[in-house]
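Data first, discussion second: the structure below is written as structure tokens.
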Amino acid sequence: MRLTTWNVNGIRNPFGYQPWNAARTFPAMFDILGSDIIVMQELKIQRKDLRDDMVMIDGWDCYFSLPRHKKGYSGVGIYTRNATCAPIKAEEGLLGVLPSALGQPYCELPEAHRIGGYPSEQQVAELGLDPTLLDAEGRCVVVEFPAFVLLGVYSPANSNGMRDDFRYGFICALDCRIRNLVAEGKRVVLVGDLNVSRDELDSAGATEDMKKMGITHEEYISTPNRRIFNQLIIEGEVVGKRDSGRDRGVLWDTTRAFHPERKGMYTHWEQKINARPGNFGSRIDFVLVSTDMKSWIRDANIQEGLLGSDHCPVFVDFWDDVQCDGKDTKLIDTLSPVGVFEDGARQKEWRVQDIPAFSAKRLPEFDKRRSIKSMFSAVPAKKTQQSQPTDSVGSKSKAEAKSISATPSLPFNGAGEHPEASSTESHAEMNRSSLPEHKRKPSSPVKAKLLKKQKADVEPPKAKGQQSLKGFFSKTTASPAKSATTEDSERSQQELDEAAIPAAQQSDTRPRADPPPRYETPEPPNGSQLSANDTENTISPASAISISPSHINAKLAAVEQNQKSWSTLFSRPVAPLCEGHKEPCKTMQTKKKGSNQGRSFWMCARPLGPSGNKEKGTQWRCPTFIWSSDWQPGKADKAESGVG
């Protein structure tokens, strides 16, 4: 069995990369990952953004903790493969203060229905944070199997000191919950993006950061969050006496245990500086297990070759046979409710009714729904009763739809919640579609004739806005006959005039839908014909406006020059060449606060090297730096050519 954790930086973000963009579906993604339990962080969605393709996945169950207030922020999801595992309990949040499907907070549920390990009132008070706000950011999902308790976590990131108190309080709450679970005799597996590294080996920029801050190795290891984290891990480096209540480490770092001396084993790379090609990153994604599960792990590693996020997946593989409670056991027997598997063979089939109420499939908007595959594979039920009269069924369905639409929505709790507005429309539509159709009575012929007459009398409305090219040249009303030569000359003259004059200088006050004015030849009197003299004295439209070729060329040249000036104005500036590689630079903008904030500059477009510094004479980023305001392409070209 395999367990994988991955910060996807947006639940649909991987679908823009290989190999995920071939099928762009979650089942295809899960097959490539080859895992039985998949924990995702930083989903960046809210409950209203959940879709069928995320939840109604055949063969998978799912649990989500999503932010209640902030949009496009945090979010954790756990997917479990029904063929190999099924949780017996599931909760949202670290402290257990959020309401469950029964309406009570998880920490107040009966012991048989809660996971346990919740911090005491004194421990919560020591955090110095509002427990509801801490759990409402969508940062933790807790599911329990008979074998262990799994915590999927997305810890707050370092935001330039803006939320240091919240970040410290979160990791303290995490440490407290895990130690309480271990004290209750439960095995614990902690996975996710913890946004903290153990030591210098787990961060490419640690040495440079220590120099900038002027701190020693001991001070670096003893920063508040890193100190708590190292006390939680077995063999974590701790300077001085351990804190009260943290007398020993309780979790084992699987990836580092299998690769103790491996350098560059990073799981996150900064996208802003394109640090991934040069592997200038940090290891902040972990799979940590309890001490007595150490012999269960067959392999642990990172998958840095899988793109799709600024993080890479991290996995552990379990042995099929494990030592559990002093006896040899098939691991699959301990990953589902008792009796589902015996000696590795399934005894009971998986049912939605048996999964925890926190499952996304038990939410009102997804409950009692089926996927397309299961819909066609199900055996149709036989009719046992005659259908009720149409009127009674219709009135009943309308009443149900009305009652559903009037029901208010509640927070993200589970099966005990009321449906939201999105589910209201789907329920009402399902009720309407299930009713037999009423046969309409044929309309009387008199009404049909009246309708036809009214439609014939009504004139079609005039088109609003600009006419199409075809409509511009078509005749809207009957007009006197003209010669083809006269019309062609008039059109060409009109087009030349409009093309030569810039749009800003035209003062056309006519409605845009009206056809342009045309020169018309006076009609001869009825029953009479023009004489030869009259024909000679008649002025044709083409000769009325005579334009010399030089005049036309001047106007066309003005239009072309105008277009060139606009294209030059909006075109991107020519990029300078970097000093080290003679390649076009890329433009960036200063985000750091200070006098230069907001200024743009040019720098080498190559990725940062493993050292994290700009290097000369290598394949990595060179030290080229030019302020955009100082870059003048014309002068630079003259200087290079020796002119001026």
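Quick reminder: no glycine exception, Cβ is built from N, Cα and C everywhere.
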Same-site residue for Mg(2+) (record: TrEMBL; known: E42, D193, N195, D310, H311; options: N7, N160, N230): N7
H311 (active site, proton acceptor) versus D285 (site 'Important for catalytic activity') - Cα distance in angstrom: 8
Three-state secondary structure, N195 (site 'Transition state stabilizer') (per DSSP): coil
Residue pair N195 (site 'Transition state stabilizer'), H311 (active site, proton acceptor) - Cα distance, angstrom, rounded: 11
Cβ-Cβ neighbours of N195 (site 'Transition state stabilizer') (radius 10 Å): 22
